[in-house]
Amino acid sequence: MPWKLSTEFTFDSAHIIEGYDGPCGRLHGHTYRVRMELESERLRPSAHVRRGIMVADFKSLKWAKKDVDQGGLDHMFLNEHPELGDDTTAEVVAAYLHRETMRRIHADLEESDDGADLKLRVLLWETPESCCEYWE
Ligand SMILES: [Zn+2]
């Protein structure tokens, strides 16, 4: 694909892996690092510019960086998230970040645009050494 947007950000959150036999089963926190990579075959208008000159607004890839009170995941107890519940592994959080980001991007597309050429890859670091990658 000719275009790829990449962006990275962090958010701080607490969680417990319910039923985990070890330290991850106790309340603890991470500075999660996220890398979003969005590929596209063509350029489009966005919510902020009506000419077809963007893959997507970078803002649409960084929503999770916002405070939980503004719809993001920063300073959230992830187990209280309705779509995550007690299964807050890096794998489950990465898949959720993919699903929710694609939902937001598709919500911004024009009616005639099915967005079929948009491919998103999410990389989620739970620690500086350990990363989960999710794409479809
Ligand atoms: Zn953890």
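Each Cβ is built from the backbone N, Cα and C atoms, and glycine gets one as well.
TrEMBL entries are annotated by machine, without manual review.
Listed features, source TrEMBL:
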- Cys24: active site, proton acceptor (ACT_SITE)
- His75: active site, charge relay system (ACT_SITE)
- Glu126: active site, charge relay system (ACT_SITE)
- His15, His28, His30: Zn(2+) binding site (BINDING)
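The distance from the Cα of the residue listed as 'active site, proton acceptor' to the Cα of His15 (Zn(2+) binding site) comes to 8 Å. Within 8 A of the CB centroid of the Zn(2+) site residues His15, His28, His30, the other residues of that chain are Ser13, Ala14, Ile16, Cys24, Leu27, Gly29, Leu78, Thr88, Glu126. For His15 (Zn(2+) binding site), the same-chain residues that are 6 or more apart in sequence and have a Cβ closer than 8 Å to its Cβ are Leu27, His28, Gly29, His30, Phe77, Leu78, Asn79, Thr88. When Cβ neighbours within 10 Å are tallied across all protein chains shown, the highest count among the recorded positions His28, His30, His75 belongs to His30.
According to DSSP, His75 (active site, charge relay system) is assigned to coil rather than to any helix or strand. The residue listed as 'active site, proton acceptor' falls within a helix when secondary structure is assigned with DSSP. Look at the Cβ of each of the active-site residues Cys24, Glu126 and count the other Cβ atoms within 10 Å; the largest number goes with Glu126.
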